[in-house]
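First comes the structure, then the notes that go with it.
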């Protein structure tokens, strides 16, 4: 399941505190009052087949409470207050956390009565929410295997591949021999060892597969705990031992960074590499109770909306535990960050090889929480060596592994070493997740080749971070602290395209790190300070976290060049400042001014024919819904989770368009929110959402009357195939069926209907040639309606859809039927091109690219330049291509699409990624295309003349008095995905959403929020 929680505690006196004095008096007290709101993720539940129902008698559920109490007290509360005592039973958890107060209980509910009983639980005043006890599963080493194999889901929660064995190259051997086979030598750990710093008195929690007692490589195994259902503390797989060795091993062949670190081994995975949410929650609570200093977590996956897990990570860091986590092994693809490493309060670690190149396996940013309605944050935070690293074997000896889950303990070991340089009596007042991240990112060495979304701050530099921490004074800062358009390629994609007047706002989403306290506040709105008068041409609006918790917040810059800068060519420089204040435990007020330096390139406004607008608004990704991968040939990565953004999995296409001289802007709001007269082409690729009627009407007018070019790249859509793609997920105990196809063809057909164009339901695969260029059509669809006078290209393909496969069998031995896949036509003053496949533009799992075709299409749609082959008389249609509307693909009727859509059931409004003058309006009317025209029903808006900035917080913060129990009075928009009323109106079978809380603003909210 994927869920989301945003928690902000605006009262420092309510921050969680852990008081443990003696083991016999172990009392773990958390005084957080979290009032709650529900957010949504997967609810594709269908009844189980009879055979499955007979096998599944009961399901375990996690009941989360608003207070920490002894397990027996929670059990008594449920028994005394639940109307029905039948159909459920309390499950005792026998683990080291048993004697501590807890915030959850585990119950077994009969499947027959699960809906009724779980609803009764949710109605109780002290119950926070109810979740199925999810299963986690992963591959620890050897093969890079994820959650899907040959189109089938493996047991457990969706995860990304972890560390794996690499064949050691001659180069690596020479490098390792030169450095005495020690990764520690590459970072100069010996220098700190010589000063007496070895990680002493540092508590290191390793969440993994355990470790064996009296392992000869470790001098200080303090505690081993088992959280699984297996009766052993030992590591029988080797991964936990390896991670511990990188952190604290003392074997001469595979030294760790901090050999005197106190190792606390948390065995949270079985020998079968399976875990449950309840195991993690108990183990996390115990780590808080034991006052761990550092925690390494070598697990991650794409579901950043997994509420119980994500919320507990926030609680851990709020309790001053420095968490280090691997960014993921899904590289070299972009938009593949893993959670929890993608959280701002966690140190997310990417991997490099010994030549200081980003490892091919290392996941790339940006974060995708914020899109399609905003812009992602910079992640990873830092990179470290992660290829062919030496570590400890299960019993004795050393071995080599690769992966970001190997780079993560490299950083965790460095963190332990750095913690030990601060006298123990001062550690908690100086060190915290924010101050440690400040030391790491400010001390890092920026690599010359990769961009910020590949390397973060750069390569870990132990000695520089040591110098920073040695004299550290608590402060707040911004990461990244510089946005320099002249620093290429590091500042890509900003350095790839300059600013100009009339463009959509360029959004830069930075992270606020508050080393002063776990909670902070913005004292006054951020301010833009231009270095000279030229800087007044820049108008900056801000969205930001008013309340910063835990330790981090966001600051998003929305930048536009004013109209008077339409002919300006040059640089704009200056600083953005924002003042943060916090309170220490003593009540002392501290403040700190953060500075973000800007150096921006500006060019005169380009010609209309060179401006392309990318539709991001109508894209839906995983999470929150089962959005399938576009190419059905990709059997081991079936979810569409890379963001579908110009700067994630379409980044190569973006670079190609820039090389071709096009300026590409992003539209994260409805189609009514752009002035069509400013753009040559609207580019719509692989879109899954619906369209407001106003959008359809305006687009028709934009093309026919305003000369807008339209280029549409579709994808497969076939109801029978979607049904066949469903799978049973043992994690959520439900059937998952795709919400839509690769693209939402019924919606696209509605959009294109005014032009007499429609896509069909075939799923076509095969190679074809145009002008000597070979291309692969990978699970694309066909064109079944097209106006006469247009140019339509058809090629022989086999139809691999369910219905098409049957037809293919009947036609065995016959010639493949031609299917139309490319159409070009004039429509009034505009021009339209449609193509049935987007895989050739998507750098994720691309077979062959079709950038050459996109270039020719844009030549036509933007400039009316006609390629002789594309517009050959042989492909011109005198008569329309026609299909009866009753034969066109239809929508699924068994899905509540409003749960995933930004359109269905939502009000049409322009967000904060549109032009400043239409924020919060319905956009441009059909006949009101002038940029300064007043919109009916809305006040006139100053374009920004003479205005340097306006500021705005996220607007999500609610007064504490508005929260009553676990009911939230008003809708709260999470990353623009959904609001409280949407959750309230939704109906789910076995996993109704419960109320959990938001206090204040979403700290890494979408800048559009």
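Including glycine, each Cβ sits where the backbone N, Cα and C put it.
Given the structure is predicted, the values throughout are model-derived calculations rather than measurements.
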Fill in the blank from the handout: Here TrEMBL annotates transmembrane segment, and of 7-25, 26-44 the range meant is 26-44
Problem - Residues of the domain 'Membrane-bound transcription factor site-1 protease-like N-terminal' (59-131) by DSSP state, where helix covers H, G and I - result: 23 helix, 29 strand, 21 coil
Handout entry: C-beta crowding around residue 239 (active site, charge relay system), within 10 angstroms
Key = 25
Problem - residue 405 (active site, charge relay system) CB neighbourhood, other CB atoms within 10 A - result: 34
Practice task
Can you grab the distance from residue 405 (active site, charge relay system) over to residue 208 (active site, charge relay system)? Cα atoms, rounded to a whole Å.
Solution key: 11
